[in-house]
Amino acid sequence: MEVIKVVPRGYCKGVINAILIAKKTAQEHPDTPIYVLGMLVHNSYVMQALKELHIYPVDDKNKTRLELLDEIEEGIVIFTAHGISPAVKEKALRKGLQCVDASCPDVVKTQDIVMEQLKNGCDVLYIGKPRHPEAEAVLSLSEKVHLISTQQDLDTLPPLAQVFVTNQTTMSIFDIEALFEAIRERYPKAVFCEEICNATRIRQQAVADLKDKQIDVLYVVGDRYSNNSNRLAQIARDQGIHQVYLIDDVNDIQDEQLCNAGRVAVTSGASTPTYLTAQVIAYLEDYAPGKCKPQIRLSEILS
């Protein structure tokens, strides 16, 4: 069985930056309660490893960041890589919390662009995923920011004089283009600023390029809450790869998935620890039915 290691894969610069910030905060404040407002990055193993450093997530998928702040009474709050709204920062400071911002620079750039266009009098059409923290932060900036995730969302909008269009950084390059076309038809004078981050773009293109490589099975190593990991899996399916599996780790690989597989490819999301992906690759390169899976050591996750 041939194993194709898709390049690039694994941590992007924004995730690396967020993890370094969290580790540094723990080292500098060993006696202070430290909390993460949500998931620092969308990977449960990373969050488990952070708990080992006494950094605790405050997360509830049914609550906004503003609501989650009510659960933190003291100490340090780390804002996640997905960005944060000014209202959340202001509330945290009013509560007397020490704030540490681990926002990805690409996400901050998008927020700054949106703020500038709002000041120019534009309505902003923001292509993103409902309830995703990055989208939540941008939508909180103004009632003139409208979330567009489907064609139906676009159909509900009234006529708008000045329209600026941008997007969540981890969206699919293919989905974005389809919605851009629909917006162009509805608002011919709209101004577009495609803000898919480069890490997302090149990972998605690398998966799309597998189309003609006769791949029997593709494993995407990533968390089910990771939008970019889910999009990698969907792009692979759209390109005609029939067996695509989004897996947390090597333990999710099943013998029946590999029956008669000649070529197996492996990629991973931008928030997936390299350690987990390396385990998957090593297991597949020496694969035999019934082979024992390696132990996962939390101490290796943040290295």
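Keep in mind that glycine also has a Cβ here, set from the backbone N, Cα and C atoms.
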Further [4Fe-4S] cluster ligand in TrEMBL, beside Cys12, Cys104, within candidate set Cys197, Cys259, Cys292: Cys197
Binding-site residues near Asn228 (dimethylallyl diphosphate binding site) (Cα-Cα within 10 Å), from Cys12, Thr169, Cys197: Thr169
Integer Cα-Cα distance in angstrom, Ser226 (dimethylallyl diphosphate binding site) to Glu134 (active site, proton donor): 12
DSSP-derived class (H/G/I helix, E/B strand, else coil) of Asn228 (dimethylallyl diphosphate binding site): helix
Alpha-carbon spacing, Cys12 ([4Fe-4S] cluster binding site) to His132 (dimethylallyl diphosphate binding site), which is rounded to whole Å: 18
Among His42, His82, His132, the one of these binding-site residues whose Cβ has the fewest neighbouring Cβ atoms within 10 Å: His132
